[in-house]
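Q: Grabbed the feature section from TrEMBL, which reads as follows:
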| type | residues | note |
| --- | --- | --- |
| BINDING | ASP60, ASP93, TYR96, HIS261 | Fe cation 1 binding site |
| BINDING | ASP93, ASN131, HIS224, HIS259 | Fe cation 2 binding site |
| DOMAIN | 54-262 | domain 'Calcineurin-like phosphoesterase' |
Amino acid sequence: MVSSSAMAKPPFASRLHLVWVFCIAIISSLAVSTSFAELQRLEHAAKRDDGSLSFLVVGDWGRRGLYNQSKVALQMGRIGEQLDIDFVVSTGDNFYGHGLKNVNDPAFLESFKNIYTAKSLQKQWYSVLGNHDYRGNIEAQLSPALRKIDSRWFCQRSFIVNAGIAEFFFVDTTPFVNKYLVDKDHNYDWRGVSPRATYLSDLLQDLKQALNKSSAKWKIVVGHHAIRSAGHHGDTPELISLLLPMLKAYNVDMYMNGHDHCLEHISSVDNPIQYLTSGAGSKAWRGDIKRYNNRAMKFYHDGQGFMSVKLAGSDAEIAFYDVLGRVLYTWKASKQLHSTM
Ligand SMILES: [Zn+2]
C-alpha cells in the first residue's frame, strides 16, 4: 500500500482543475436552491424609424492617450459620425494598469473624458469591467459619481440593455477566471464578489432567466474575457464550461469581448455564435498568435483599432478598422441564413 506521504503531488494545473470541478459542482447545486434578483435593465430607444442600430465596440483602452489610444479615438469619432452611431460598447480594461483609485482619479479625465472628444462619441458608453479594472477600486469605477463628471459613462458588473431589435447582456467575466485568485503579483478588489461560488451562481441564474425571456431579434453577450481567441490569452476555459452552454441553449448570435489586444473574428463550426474580439483600443502588436482551427478563424489583426456593428431587421454588418481608420475586414449575416452558415 502506498502511503499518502509517498504519493506524488499532482501538478499545479491539475490541482487547479480539481478545485474548479469542485466549484462547478457547488455552483450547480446553488443554482437549484437559491432565489435570484433580476439583472439591472436599461432601455435604449432606437432613434431611427426602422429600429436599426449602429454602434462601436472598443476595449483595453485607458492609457492617457498613449500607445495610439488618441489616434484610435480620433478614427472612432470619424467612423462614429459616418455611421451616426447610437452608442459605444466598451469591453473592459477601461483604465490601466490598476483601474481607478477613487472617483476623483484624474485617469477618468485623462483616459476617457478628454480622449473621446469627437461629437459622434458623445453618446452613452456601456462598459464592463476587465481584470485590470479589478486591480483598482472597483466601487469607484461603478459609482454613479462618475456620471456627474461625464454623463456618457455607464459601467456595472452585469446588466442588460434592451435596444429594440437587439438585446445586450453585459457579463462580469473576471470573477470566472481561476488564475486571478492565485495571482500573487497583483491585488484584486473582490468586494461584492465574495463568496465567489454564490456570486457566479446568482449571475448565471440571472442571465439564464434574462436570455430565456428575451424576444429580441439579435441577442448579443458582452464580456471582457474571450470565450474563443487565438491571441496571447487564448480561450477562457471557465467561460467555455459555464457560459458557453447557456449562449448555445438560448440562441445567442454574438459574443463580444476584449482582453486580447487585437481585432478578431472567430466563427463557430457547429452553431451560429460569432466570437468578436475588440480589445485594441491602445497597446497592441504583441506578436503572439496561436494556431487556430482554420475553419473557425475568419480574421485576426495584431494591432490597434476598433469595431463597428450595424443591425437592421434581420441583417447584421460588422467592420474592423485599424489605427488609421481603414476598413480591414467586413462580415455580413442574415438571420435567415443561420441554418446554412
Ligand atoms: Zn484584460
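Every residue gets a Cβ built from N, Cα and C, even glycine.
Note that TrEMBL annotation is computational and uncurated.
Structural setting of the listed features?
A: Annotation note: HIS261 (Fe cation 1 binding site) sits in a coil segment as assigned by DSSP. Shown in sequence order, ASP60, GLY231, HIS232, GLY279, ALA280, SER282, LYS283, ALA284, ARG286 are the residues of the chain, 6+ apart in sequence, with a C-beta less than 8 angstroms from the C-beta of HIS261 (Fe cation 1 binding site).
Sequence-distant neighbours of ASN131 (Fe cation 2 binding site) (same chain, 6+ apart, CB under 8 A from its CB) are GLY92, ASP93, THR174, VAL177, TYR180, TYR188, HIS224, HIS225, HIS259.
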Q: Please check the binding-site residues ASP93, TYR96, HIS261 against ligand 1 and give me the ones with CB under 6 A, sequence order.
A: ASP93
Q: Starting from the Fe cation 2 site formed by ASP93, ASN131, HIS224, HIS259, give every other residue of that chain whose CB sits within 8 Å of the mean position of their CB atoms, in sequence order.
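A: Apart from ASP93, ASN131, HIS224, HIS259, the close residues are GLY59, ASP60, THR91, GLY92, LEU129, GLY130, HIS132, ASP133, THR173, THR174, HIS225, GLY258, GLY279.
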